[in-house]
Structure formats: structure tokens, C-alpha cells
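What Swiss-Prot records for HIS359, SER399, THR400, ALA401, LYS402, SER403, ASN504 is ATP binding site, and it gives similarity to another entry as the kind of evidence. What Swiss-Prot records for ARG619, GLU622 is ADP binding site, and it gives similarity to another entry as the kind of evidence. Summarising the annotation, Swiss-Prot assigns domain 'MCM' to 346-553. The N-acetylmethionine annotation in Swiss-Prot covers MET1. Summarising the annotation, Swiss-Prot assigns phosphoserine to SER13, SER219, SER271, SER689, SER762 and lists similarity to another entry as the type of evidence. Per Swiss-Prot, phosphothreonine is recorded for THR278, THR791, and the stated evidence type is similarity to another entry. The N6-acetyllysine annotation in Swiss-Prot covers LYS643. Swiss-Prot lists 676-706 with the feature region 'Disordered'. The feature motif 'Arginine finger' is assigned by Swiss-Prot to 528-531.
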Amino acid sequence: MDLAAAAEPGAGSQHLEVRDEVAEKCQKLFLDFLEEFQNSDGEIKYLQLAEELIRPERNTLVVSFVDLEQFNQQLSTTIQEEFYRVYPYLCRALKTFVKDRKEIPLAKDFYVAFQDLPTRHKIRELTSSRIGLLTRISGQVVRTHPVHPELVSGTFLCLDCQTVIKDVEQQFKYTQPNICRNPVCANRRRFLLDTNKSRFVDFQKVRIQETQAELPRGSIPRSLEVILRAEAVESAQAGDKCDFTGTLIVVPDVSKLSTPGARAETDSRVSGVDGYETEGVRGLRALGVRDLSYRLVFLACCVAPTNPRFGGKELRDEEQTAESIKNQMTVKEWEKVFEMSQDKNLYHNLCTSLFPTIHGNDEVKRGVLLMLFGGVPKTTGEGTSLRGDINVCIVGDPSTAKSQFLKHVEEFSPRAVYTSGKASIAAGLTAAVVRDEESHEFVIEAGALMLADNGVCCIDEFDKMDVRDQVAIHEAMEQQTISITKAGVKATLNARTSILAAANPISGHYDRSKSLKQNINLSAPIMSRFDLFFILVDECNEVTDYAIARRIVDLHSRIEDSIDRVYSLDEIRRYLLFARQFKPKISKESEDFIVEQYKRLRQRDGSGVTKSSWRITVRQLESMIRLSEAMARMHCCDEVQPKHVKEAFRLLNKSIIRVETPDVNLDQEEDAQMEVDEGPDGINGHADSPAPASGINGHSEDMNQDSVPKASLRLGFSEYCRISNLIVLHLRKMEEEEDESALKRSELVNWYLKEIESEIDSEEELINKKRIIEKVIYRLTHYDHVLIELTQAGLKGSTEGSESYEEDPYLVVNPNYLLED
């Protein structure tokens, strides 16, 4: 209950003053706490902090609830249970405390904020039983509204008798006096607000949502509106995971009060001709519809990051210095960080500690680790920003631990967002413009990339995204901004995030005979924006399979014993925070080495078997620079050294060079035919007609020869590509030179044998080469669809000579086939 004054009808100028003795006692005890509580050095703890409040921009004193409990247990209990009731009195005690020591403006208000509450509640635990209690909740900010002035205490002028009515408290909506305080005047409605003499405070609404860790399985995240006032405004941005300390309150639901349906309900009772209402009393059906529209809102007095020291928004803070980070740590923690920086095997130990449950895939672990350290963002003299964040894409067969990497990073990084490409749209990934229910203004609601600002955005099933949605993140991946022009809102928002994506190959399994670009459903612009591509192939290897199976069984049977970490996750977070404040410069020696390695990549691009997965561009040069800077940061170096560039080049080389391609099986069609023949009517079944009994004892003479499996004819992939390119080039040359462009299959075989005449030394070799070229042509026609057979089947007058056409058809190149560079 707040201090209130009310005028009794006919009581003249006498006012009945209602006193809240409990609140006044709390005010006195809280003033004693501010004046008497001392820190370990014997100084009054809050004296200096209170004296700073005389500055114009300051008005809030943050008090530790632990100190309050130590000073007076009964006072802390009363404040916790009756917070909304006693809060104005606590603010008055603070104003008295400051006023006794410094001169302050009379109109200035002061506010108290509490932190370090012992218990933290989830959003779904907030019920009506917690209204008015001091509570601490946590959640992730998903929407922020602009800051507005809020009327907290109004001064009104009576338009009938000109009486000035001061200090009319506003109850979360515009509240006029019930009646004029002049006993002669009976005005109840005609009042004018005097804005010059009223008191306003900064006011901001934010919407928070349950974090993924708090969410029960299968539940939809709940959200809650939080009201911030005074110094608390602009202290939380979209994507922050914060603790809010305050109380749960009930406010009128303005959006429900102003809905068209409610308005129509009240306007339907119109007066008739005789002044009577056309409708009678309709019972309880509409009783109180407009009066019972209330909702729960959290009024916060203090906002703090969920893990303020080595979590929350400070993990990726670029403005930290080594000294400020050292001051946040204990002596023991700082010694551990220093010990880690001197570790000779730091690179390997960090990888094994970060992903202890994933066997193998060491290159992927190294790439993801360097992504967490990141490069150095730069701004050119013209104002162009060069990103420092590293983007990584993992492509691989099913069950190769792609999603596990994403989940590990999401759990480790305090500002990481996990999403699925198939279930996400462009607005959900970038940002959406939505209309506010109360003010009807358009506000921006953060998407996954904005929520992961200064963090990591993990996108699973990246290849399943629609092309329109992939285009939406082009700008975010390179410029690290999101531009929005919708519904009159034009804004450029920050999305300084690293993207860790996982994608599946097109056919479900990675085809080694094709390049990376042909294996995944991603456009060239998206692929060029990734710094690293890692390809995981599920191979049948007895040693590897045994090691993986042993690791999985160990995890299921002895979870604690099987996880072997050199460093704990908290130690890695502390080391990451310390290492990221380094901004290494590239030395002249490293600069020359980077240029040399880039030239090697460019020369290798498109040269024979080592042809790269996609075009090497300047973006790959920038990727090498970022990876080199991340290596230097990891070793806490102020300068990029050639050994850092060498490791960056090695990692980049892993993703750029084509995965080792197997030999091409030219007897694939015969193997397939054999499988068909071995069906129910083949070896295991019974043939329709018995085989003729010939040879010894009724068995075939060639049975012993046929029983031995014949080795399939295989050709090296590079040789297969060379022969196919020769055939395509020859046929296209014939198309350009002659009118009759098509060649018969036999003519094409004879042409090829003449071309390689110098390589043939014997009749047996000639037969072998002829067999190979015939198999290659068959595969190009029926499997790769590079060549097309022209027949006369079905044409009029085509009966004559049709058999020869079937046996020896004309061949032309598929017009849709593009010869690879």
C-alpha cells in the first residue's frame, strides 16, 4: 500500500492520512543499513556509491541482497515478501541518505536496485502467488522496444475551479484524480495534465523468453514482458541472456481494452425513442468483460548478465584489455590461464577438452576451435568493415557426428543459437518487423543471427534451406549486418556472428567421383563465404569402426570415466576471453609467406587431378589471414608468425582439395545384371527350363571357370575424365566442322584407337584398349548421360536397316553438358 490522501465528502479541507507503519519501519531500518553497513576494510560500503548519484545521469543505487541479510535478517525478509509495498519507502530512504551528505535538486528521484538474490526462478514458475514479491528471473531477450518517457506522478489542473492537484500517482496507465480536492467543486472528469510540473522517468519494454536449457522437453518457450526504468533502460540488447531482479505486477491489458469487439460490445446499447435502452439487462454474459482484462508483467529494478564474469555477453567482448580481464579473475584462475598459455601441446589439448565424446575428426575440431578464437575485425580508411569471424561448414554422410559438433558449440558458448535450416525462414534467421499490441508501432524482433550477435549461430540441415532464405543471409555472412526495409522501418542491424553449418550430400552419401560443388545443394556465393569446408565420409575401416564402437560403449556404460578432459570448460572459457583481447599484426615475413601460399592455391586451381572443390578467390586469401590471426590469438602472440600461416594453409588446403576419388567401375552394368540373374529364378531359385546336360556327368564343361568370380574392369578416375573429355571435344569439333555431326559408335571407337596407336604394342593390348573404350562410351551414355544415342525406332520407313542402327547407333553430346574446367 502506498501513502495516499483522500478527501471525504463534506469534510472541508481536512484530509485523512493513511500511514503504513510496516513500510515506514522498513524505511528507517534501510536508512540505518546505508549509514552503518561496512565492508571488510571498515568503511561505509555504500557511501561513495551514493555520493556518485548527484551526477545528472545517475539515479540508481545497486545494493547486494547478501549485505542486507547480514545486516538485518528481518528487514531482508520483509523486503522480499512485501517488495512492491515498501519499495517507494526504500527510495525515500535513499534520497534522505544522499540529501544529508550532498546538495541535490528537489525534483530528482532516486531508485534502489537489488542484486545477488539467492534463488533464481524460471519464467514458467511465475504465477499470481508471486505478485508483489522480490524475485529474480532469467531469460533471453528476444525483442526490445524504444525508450519512452513514462508519467509516474502527475500534476493536474481542475478546469472548473482552477485548483492544482499535485502528486497523483499513475497506476501503470493514465490515471486522473477521482474528484477535485476543492470541497466546493464536484468535478470528476474535467482535468488538464500540467506536464511542466509532472514527473517522468525513462521507460522501456523488453520481451524475454525461456532459454533452451530451461525448457522442458516438448514444450513451447514461454515469453514475458519486462518493464525497465531509469538506469536499467538500454542495459539489455536482443540476444542477451540476463537475470532480472524485481517483482511481478498486474497491469491492465490495453490491447484487449481497445479491440474492436470490446468497443462494439459497449456501443451496442443505444437509447431508444423514449430515452430507454433498446436492450435490457443481459445477465452475466458480458459483465466485467472490459474490467477483467489484465496480464502479468515483470517490473525489473536491476539487470545483470546471467554469467557476468566469464559468460553472458562479455565472452566475445572486443573492448576488454588484459588488465581488466586479470582484475576479474582470482589469483588461482589467473595462474591457470598463464599455465595454459605456456602449454607446448595447447592446440591438441584444447581440441580434446572441448570435444571429449567425439572420436577422431581432428581437423574438424581444430577448425571449430579456431572459429571460437576468431580473427581480428578491421575497418579501412574509407570505412569499409572487414570481418574477423570465421564461418565453417561441415559436409558429410549421415552418422558422422555433424550435429554433435553443433550441439557441443551451442552448450559451450554462452551466446550461441541453434537452429535448423529446414524449419527456418528468412525472417526467423535475420529479423522480423512486428506490430506492438499497445502502441501499434512497428518494432524489430530479433532472429537467430541477431540473437547470436558476438557469438556463434549453429545452423543444422543448411542444405535444406530454400534458396530465398539462403540469399537472406548473404549480407550477414560477409558484411555482418542485416538491412531491413519493411513497413516503414529502415534499419541496419549488427549480426557479428560466426556461422557453423552442417549439410548432407545430395544423394545421402558423398560421391567421391564428383567435386564438392556437385555434392551439396549450395550456391556458389554461399560457398565462397565459408572459410572452411570439412568433408566427413563414412568409411568401412575395421580399426576405425572398432575404436568408435569402443568409445560409444564406454560412454553408455561409464559416462564419467570415459570423458577425459585436460582442461575444464570454465578454464577454456577464461582462456578464450583472455586470448581474444590480443590483436596480432602480420609481420613482413608472414605477409610474404601468405602471398606465396595463395599463389600456390591459385596455380593448383583447375590443374588436373588436384583440381579444387570450387574456385579460389580473394575470399580464400582473407580466410587464410583470419585463420592465421586465430592461431596467433590461441598462442597469445601479438604478431602472426609463419608457423601460424602454415597451419592455416594446411587447414584451408584440407577443405579446398577434392576428396580422394576412387577408381571407376566399368563393369557396373554387368554386376547389376548378375544381381538380377541371381534372384528367385537364378542360383537360389529354380529355372523354368532345365539346362541341357552336357559334358562330364551332365555338368557344363566351363562350370569350374564360371564359378571363379571375374575381376571387374576398373579405370582410374583421372584417366576416365581424360578419355571422356577427349570424346566430348572430338564430337563437338565434328559438330562445328561438318553438317553431319553425329558419329557411329564403331567410328568413335576406331578414331580413339587410332589416336592411341603409338601406345599399343600387341594384339592383346589392342583388344583390351578396345574393351575399355567401349565400356567408357557405355557408361557415358547410360550412367553419366554425357552422350545421347540416336536411333530410328518408331519412325516411318525405319524398318529397313533399323537393326544396324540399334547395334551401332549414332552418338552426340548432350547439349546440357558443360565441360568442367
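Placement of Cβ uses the backbone N, Cα and C atoms for every residue, glycine included.
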Integer Cα-Cα distance in angstrom, the residue listed as 'N6-acetyllysine' to ASN504 (ATP binding site): 33
The motif 'Arginine finger' (528-531), counted residue by residue under DSSP: helix, strand, coil: 1 helix, 0 strand, 3 coil
Other C-beta atoms that fall within 10 angstroms of the C-beta of SER403 (ATP binding site): 16
For SER762 (phosphoserine), nearby residues of its own chain (Cβ under 8 Å, 6 or more apart in sequence): none
Neighbour count (Cβ, 10 Å) for LYS402 (ATP binding site): 25
Averaged pLDDT, computed only over the residues in the domain 'MCM' (346-553): 82
Cα-nearest neighbour of SER399 (ATP binding site) within the listed recorded positions, SER219, ARG619, GLU622, THR791: SER219
Set of same-chain residues at least 6 away whose C-beta sits under 8 angstroms from ALA401 (ATP binding site): ILE358, ASN361, LEU536
Same chain, 6+ residues apart, C-beta under 8 Å of the C-beta of ARG619 (ADP binding site), given in sequence order: SER528, ARG529
Long-range Cβ environment of HIS359 (ATP binding site), under 8 Å and at least 6 residues apart: ALA547, ILE548, ARG551
C-alpha spacing of GLU622 (ADP binding site) relative to LYS402 (ATP binding site), in angstrom: 25
Sequence-distant neighbours of GLU622 (ADP binding site) in its chain (C-beta under 8 A, six or more apart): LEU386
For SER399 (ATP binding site), the number of other Cβ atoms found within 10 Å of its own Cβ: 10
SER219 (phosphoserine) and ASN504 (ATP binding site), distance between Cα atoms, whole Å: 28
Minimum Cα separation from THR791 (phosphothreonine), reported as the residue among recorded positions SER219, THR400, SER403 that achieves it: THR400
C-alpha spacing of THR400 (ATP binding site) relative to SER219 (phosphoserine), in angstrom: 29
SER762 (phosphoserine) in three-state DSSP notation: coil
